[in-house]
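K.L.:
Here you go, one structure.
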């Protein structure tokens with residue numbers, strides 16, 4: 001009899017792991033386009049290194065899911081996931097919110113797979129997924145912090161611009 005690592009996954013878990021691997025590649029691609037879009041700015045946003053790092057991290061996660069499938073003698077069949085139809089990532093807050101949406105979706109997919117693995121008594125898969133969920137929580141927390149920080153920066157910039165306008169007007173009248 002084969003080892004526990006050689007146990008076949010249930011069909012539902014196999015499909016979900018394939019989808020998750022494909023989605024990780026999709027997120028990596030989104031981070032790639034975001035990082036190059038903002039790399040052209042004169043002053044790179046503080047979160048740009050995070051975007052650049054996530055390009056490789058998400059690819060590596062996809063590889064780990066594919067390796068997991070192979071180790072469990074499961075068919076590898078990554079579904080095609082349509083890329084975000086975005087040419088302009090907009091303001092810093094819009095980019096962070098797009099990244100946050102991708103990370104939240106990824107987190108939901110991981111949680112759904114955890115539930116599915118639990119229902120199918122896939123204990124090996126459950127322990128494998130735990131590290132990914134911990135990373136997702138950190139990513140989401142980081143992006144939420146960056147969103148708050150960016151909003152505060154925007155608010156302060158707007159306040160500064162607004163407070164300069166009356167001074168400019170009175171300077172022109174004198």
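Cβ from N, Cα, C; glycine included.
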K.L.:
Have a look through 11, 24 and flag the one TrEMBL assigns to the Fe cation site that 61, 103, 136 belong to.
P.N.:
24
K.L.:
From 112-132, 154-174, which range did TrEMBL mark with region 'Disordered'?
P.N.:
154-174
K.L.:
Near residue 24 (Fe cation binding site), how many other Cβ atoms are within 10 Å of its Cβ?
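P.N.:
Counting Cβ neighbours of residue 24 (Fe cation binding site) within 10 Å gives 25.
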K.L.:
What average pLDDT does the predicted model assign to the domain 'Ferritin-like diiron' (7-154)?
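P.N.:
PLDDT averaged over the stretch: 90.
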K.L.:
Going by DSSP, how much of the domain 'Ferritin-like diiron' (7-154) is helix, how much is strand and how much is coil, in residues?
P.N.:
113 helix, 0 strand, 35 coil
